Amino acid sequence: MRGKFITIEGTEGVGKTTNIKFIQDWMDSKKLTYGCTREPGGTPLAEQVRELLLAPREESVCNTAELLMVFAARAQHLNQVIEPMLGEGAWVLCDRFTDATYAYQGAGRHMRDDLIRDLELMVQGSLQPDLTLILDIPVQIGLARASERSTPDRFEQEQVAFFERVRNRYLQIAQDNPQRCVVIDASLTLEGVQAQITQTLETFWETV
Ligand code: T5A
C-alpha cells in the first residue's frame, strides 16, 4: 500500500521544526516506516538550491527565477525521495511543500496563481499531500521567535506586510481544502500546540 504524505506549513518561526520532532515521536508510537524531509531541499542538489534561495545577497532575485528554483528543487526532491518512499509504502513527513509556493511566491511576491498551477502540474502531476498541518500565529510573534533563534535569511528580511499576505493565503488554502488541511493555533504554549497536533493525527489515523 502506498504511504501517506503529510506536510507541515506556516509563516516564519511558527514552530514547524520544533513540532516535527513531536510528530516523529507519534509516528514511532504507531510503528510506522517513515522519512522526514524538507523543502526547499531534501536531496543534495535540492539542498544546494535551498542555499541559493535563502542566502541574503545584494543582487535582487527576480520573482520568476525564485519560482523556478523552488520548483526545480521540488522536482528533484519528488523524483529522488518523496515518490520512491511513498511507492515503497513509507510515510513521508515534509517541512513545507507547494502550499508554501502559493503563499510565498503567490501571495507574498504577487506571482500569478495560474503560473504556479502550471508548474505544479508539470512537476507533481496530481500528487497532493494527504494531510497538511498549517501552524498559524500572528506574524510578529513568529518573526520574534525566529529572530531569537538565528540571523534572518533572505525571506526573513521581508517586511511584515509580506508575511501578512503569506499568512492570509495559508488560511485561505485551509478554507479551500478542508479535506486535507487543519489549522493549528501555534500561539499557545508548546503543550497546547502539541495537544492539537495529536488530536489531528489521531483523527487522520482513523481514516487510514
Ligand atoms: N519557501 C519555501 C518559499 O518561499 N517557497 C516554497 O515553496 C518553499 C517550500 C525556508 C524559506 O523558504 C521559503 C519560506 C521560508 O522562508 P524554512 O526553513 O521552513 O523555509 O523556514 P522557516 O519558516 O524560517 O522555518 P524555521 O525553521 O525558521 O521556523 P520554524 O521551524 O517554524 O520554527 P522553530 O520550530 O524553529 O521555532 C522557532 C522558535 O520558536 C520556539 C522554538 O523553540 C524556537 O526557538 N517555539 C515556541 N516558543 C513558544 N511557544 C511555542 N509554542 C513555540 N514553538 C516553537
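Counting starts with 1 at the first residue shown.
Note: Cβ is positioned from N, Cα and C throughout, glycine not excepted.
According to TrEMBL, the features are:
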- G10, T11, E12, G13, V14, G15, K16, T17: ATP binding site (BINDING)
- 8-197: domain 'Thymidylate kinase-like' (DOMAIN)
- Other C-beta atoms that fall within 10 angstroms of the C-beta of T11 (ATP binding site): 31
- Cβ neighbours within the same chain of K16 (ATP binding site) - under 8 Å, at least six residues apart: I8, E9, G10, D95, R96, L135
- Task: Enumerate same-chain residues with a sequence separation of six or more from E12 (ATP binding site) and a Cβ-Cβ distance below 8 A; give 'none' if the list is empty.
- Result: V139, G142, L143, A146, F155, E156, F163
- Other C-beta atoms that fall within 10 angstroms of the C-beta of T17 (ATP binding site): 12
- Helix, strand or coil at T17 (ATP binding site), per DSSP? helix
- Query: Using a 10 Å radius around each Cβ and counting other Cβ atoms from all shown chains, which of the binding-site residues G10, G15 yields the largest count?
  - Reply: G10
- Task: State the mean pLDDT for the domain 'Thymidylate kinase-like' (8-197).
- Result: 96
- Message: Restricting to the chain of V14 (ATP binding site) and a gap of 6 or more, list residues whose Cβ falls under 8 Å of its Cβ, or answer none.
- Response: L135, D136, I137, G142, R145, A186
- Could you name the residues, excluding G10, T11, E12, G13, V14, G15, K16, T17, of the same chain that surround the ATP site, i.e. Cβ within 8 Å of the Cβ centre of those residues, in sequence order? L135, I137, G142, R145, A146, A186
- Message: Tell me the coarse DSSP state (helix, strand, coil) of G10 (ATP binding site).
- Response: strand
- Identify, in sequence order, the residues in the chain of G13 (ATP binding site) that are 6 or more apart from it along the sequence and have a CB within less than 8 Å of its CB; answer 'none' if there are none. I137, I141, G142, L143, A144, R145, A146, S147, R149
